[in-house]
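What follows is a single structure, and I will ask about it in a moment.
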Amino acid sequence: MIVSLEICAIALYVAILFVIGYFSYKPKQTSDDFLLASRSLNYILTAMAAHASDMSTWLFMGFPALVYLKGLSGIYLAMGLLFFMFLNWMLVAPRLRIKTEAFNSLTISSFFESAYHDKAGYLRPVTAFISLIFYTIYISAGIMGLGLVLQTLFSINYLLAISIGVLIIIPYLLIGGYKTLAWLDCFQAIFLLLVILVVPFIAFNSIGGMTPFLNGLKSHSSAFTQIIPASSEGKLLAVATFFSWGLGYFGQPHIITKFMGIKNPKEIKKSMMVGISWQALTLAAAVFVGSVGVVFFTNTLLDPQMLFVFMVKDLFPPFLAAFILCAIIAATVSTMDSQILVLATCIVEDLYRKVFKKDADSKHLLKASRLCIIGISLVSFVIASFQFDTILSIVYIAWAGLGASFGPVMLIALFSKKTSALAALVSIITGCVACLIFKIFSIQTTSLLIPAFILSFIAYYTTLLIQKISTPTTLKRS
């Protein structure tokens, strides 16, 4: 009976998604409609879509677990995310929106091709290939998180749980496109914000309020509430944590493509205010979840990733608990749908169309995009089935890889007066390879984005310098 109630709750949530998808669906879609909604979104939809695409499963599982294990020093990660997303809105969003329309670019890689005057045509396929590597890893982390939630809710086999998760995600991705996903992301952003704000406050009240909460934290560990580390090593780690995630924002196509879809570039600042406010609230609430969890659970959790799930199951009756836990589905789906769509776009526009089918029409490309969506989901499903690391660790590999590969060349394309397609190609490959080497050989695994990002920049300007020495003129933006 309990399982049937939980199934009903999940079914109700999925039904709500399909209703939203149905009413936002445009029957006759061109490839431009499907991939970028013909740049027609208002500032609220843009803000919610950008930030919901950012906050994946880790918001409910990985980040609270980090706070639960490491204490309030975890706020440096949140502060870094807020600061660099603010910079993303201020520096990248306005210029990218205007320049991609001027170049008629639907993807980040096609923008790179135009911005760097890549006549040889190497940037687009290389960018697409690197996106394929890291996004497949990223999407598998989302499927893994979704599977763990469904496994706990229904006491089912993990493989069955991730299979159900994939079946939830694929259908409305196939019928929708950019605008449908934006409306779904907006709904899910509001839903998960309400959930992550309400649940820890109910848990907080259930333990007796402020005095028991503070006493519980003190008895747990005196270091838990220590925000400023006492040791030099601790301070250095705090600084590294601040930069090790935030720097990645400049190179996340599933987030920055949302900037390209806004109708009026002049409304980007309003969109930023909505988005940053939402992000600040969700991150603060996630810190509160991890902190309250220390006192709420008298016994140490064997799997801290499941802290939020166990908290909800302890506080609410089965039907309501299952419906509330749909917030994790919301966080997962809102990120995965954007990632899958961006990756499918890269494969179709930058590999298939560019290399194999140059004369393909819009209808043919739309079908190819939908086939890619199915293929990407299945490959990520296979990777997720191995459950080879924690969600936070898997997400960080992908986040760092994308950030180091594309972040430096994005900033250079938008702000530098000197551009070189060869230098951009070397920079992208350097960022990708550096991240993979650091991970494989366990070098700077918790902050590998920082050195990889710096190396990517160095690679660009070193290549540019070599070109300047070997040729009498420097390539300049026309």
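Including glycine, each Cβ sits where the backbone N, Cα and C put it.
Curation plays no part in TrEMBL annotations; they are all automatic predictions.
Okay, these came from TrEMBL:
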TRANSMEM  7-25  transmembrane segment
TRANSMEM  65-89  transmembrane segment
TRANSMEM  126-150  transmembrane segment
TRANSMEM  156-178  transmembrane segment
TRANSMEM  190-214  transmembrane segment
TRANSMEM  234-251  transmembrane segment
TRANSMEM  272-299  transmembrane segment
TRANSMEM  368-388  transmembrane segment
TRANSMEM  394-415  transmembrane segment
TRANSMEM  422-442  transmembrane segment
TRANSMEM  448-466  transmembrane segment
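On this model, are these features tucked inside or out on the surface, and what's nearby?
Same-chain residues lying 6 or more positions outside the transmembrane segment (7-25) and placing a CB less than 8 Å from one of its CB atoms are 150, 153-154, 168, 171-172, 175-176, 179-180, 182-184, 187-188, 318-323, 326, 329, 333.
Same-chain residues lying 6+ beyond the ends of the transmembrane segment (65-89) with a Cβ under 8 Å from its Cβ atoms: 51, 54, 221, 223-227, 229, 234, 237-239, 241-250, 255-256, 259, 268-269, 271-272, 275-276, 279-280, 283-284, 286-287, 289-291, 293-294, 301, 304-305, 307, 390, 392.
Panel annotation: around the transmembrane segment (126-150), residues 10, 56-58, 61, 108-109, 112, 156, 158, 161-162, 164-166, 168-169, 253-254, 305-306, 309, 325, 328-329, 332-333, 335-336, 339-340, 342-343, 346-347, 350-351, 376-377, 379-381, 383-384, 387, 391, 394-395, 397-399, 401-402, 405-406, 425, 428-429, 432 of the same chain, lying at least six beyond its termini, place a Cβ under 8 Å from a Cβ of the stretch.
Packing against the transmembrane segment (272-299) from elsewhere in the chain are residues 43-44, 46-48, 50-51, 54-55, 59-60, 63-68, 72, 74-75, 78, 81-82, 85-86, 89-90, 93, 189, 192-193, 196-197, 199-201, 203-204, 206-207, 212-213, 216-217, 220, 224, 307-308, 310-311, 314: each is 6 or more residues past its ends and has a CB under 8 Å from a CB in it.
Counting same-chain residues at least six beyond the ends of the transmembrane segment (394-415), those with a Cβ under 8 angstroms from any Cβ of the stretch are 56-58, 62, 91-92, 95-96, 99, 108, 111-112, 115-116, 127, 130-131, 133-135, 137-138, 140-141, 144, 244-245, 247-253, 256, 388, 424, 427-429, 431-432, 434-436, 439, 446, 448-449, 452-453, 455-457, 460.
Beyond its flanks by at least six residues, the transmembrane segment (422-442) meets 112, 116, 118, 122-123, 126-127, 130, 133-134, 251, 397, 400-401, 403-409, 412-413, 448-449, 451-453, 455-464, 467 of its own chain at Cβ-Cβ distances under 8 Å.
A Cβ distance under 8 Å defines the sequence-distant neighbours of the transmembrane segment (448-466), meaning residues of its chain 6+ beyond its ends; these are 240, 243-245, 247-248, 396, 399-400, 403-405, 407-409, 412, 418, 420, 422-424, 426-431, 434-435, 438-439, 474.
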